[in-house]
Amino acid sequence: MSWSKWLLDWLLVGICVLHIIMAPYTKVEESFNMQAIHDILYHRLNFNKYDHHEFPGVVPRTFVGAVAVSIPFVPVVSYFNNISKLWILYGVRLLLGLTILFAFRKFAERIDKKFGRLSGNFLRLTVATQFHFMFYCSRPLPNTFALLGVLWTYQKILDGNWLCAARFATVFILLFRCELILLFGCIFIVPLLTHQLPLFGWNGVIVHCLFTALLTLGLSVPIDSFLWRRWVWPEGEVWWFNVILNRSHEYGV
């Protein structure tokens, strides 16, 4: 590893930590996932106390991301009973931020390999100087969880592993951000037309994505239906509300 690459990787971590320290508290759009993490850690099996029953928001959101982030902190909260919730907030943000930065690091390494080290270093430097990425990478928004999927998908695309990329894309479209289908649709049309990505057959993208979709919905629907107390596929309901009913203007009303 070159010194420039090493320094830039740690610069990204340092800037992420600085944002967390300077602005640890919750913006309104991340309130669902942060409150869900709180309820999972502190109310646990007392589901009647979960905040989303009283404040459900305009549309339901999936608990899958909140559950995944909460799991490492369950033993911490259990063992250190009197630990301040502020420290848990810092820890949650740091875990999410480092996860995103690790995925970005792997993506940047693919850029190094495909386009040269100079291109990779300029990518790292550009991202380090952009407020939006560095601030939001530690915020548990649906978009942040979706960003993780986008970075993983791009890694596989740069590796030439189109089928694996399609599977990652399917998971994160169905779980966190249905609008990603517009991004990935434009990307995957080229390998489909050039036969880099087979469409039909047992090794085709249709079979792989359908199987991945079944597994993804098999995870999301039971968890979210149990916690929302009704049968629901959250991202499907979000898509219906935003795209079909065109009611996205009701957010924040």
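Backbone N, Cα and C atoms are what each Cβ position is placed from, and that goes for glycine too.
Nobody curates TrEMBL annotations by hand; they come from automatic prediction.
TrEMBL annotations:
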{"type": "TRANSMEM", "residues": "6-25", "note": "transmembrane segment"}
{"type": "TRANSMEM", "residues": "58-80", "note": "transmembrane segment"}
{"type": "TRANSMEM", "residues": "86-104", "note": "transmembrane segment"}
{"type": "TRANSMEM", "residues": "171-193", "note": "transmembrane segment"}
{"type": "TRANSMEM", "residues": "199-221", "note": "transmembrane segment"}
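Tertiary proximity for the transmembrane segment (58-80) is limited to same-chain residues at least six positions away from its ends with a CB under 8 Å from its CB atoms, namely 32-33, 36-37, 40-42, 52, 88, 91-92, 95-96, 140, 142, 145, 175-176, 219-220, 223-224, 227-228, 232, 234-235, 237-238, 241, 250-251, 253.
Away from its own ends, the transmembrane segment (86-104) comes close to residues 12-13, 16-17, 20-21, 24-25, 34, 37, 41, 69-70, 72-73, 76-77, 127, 137-140, 144, 147-148, 151-152, 155 of its chain (Cβ-Cβ under 8 Å, at least six residues beyond either end).
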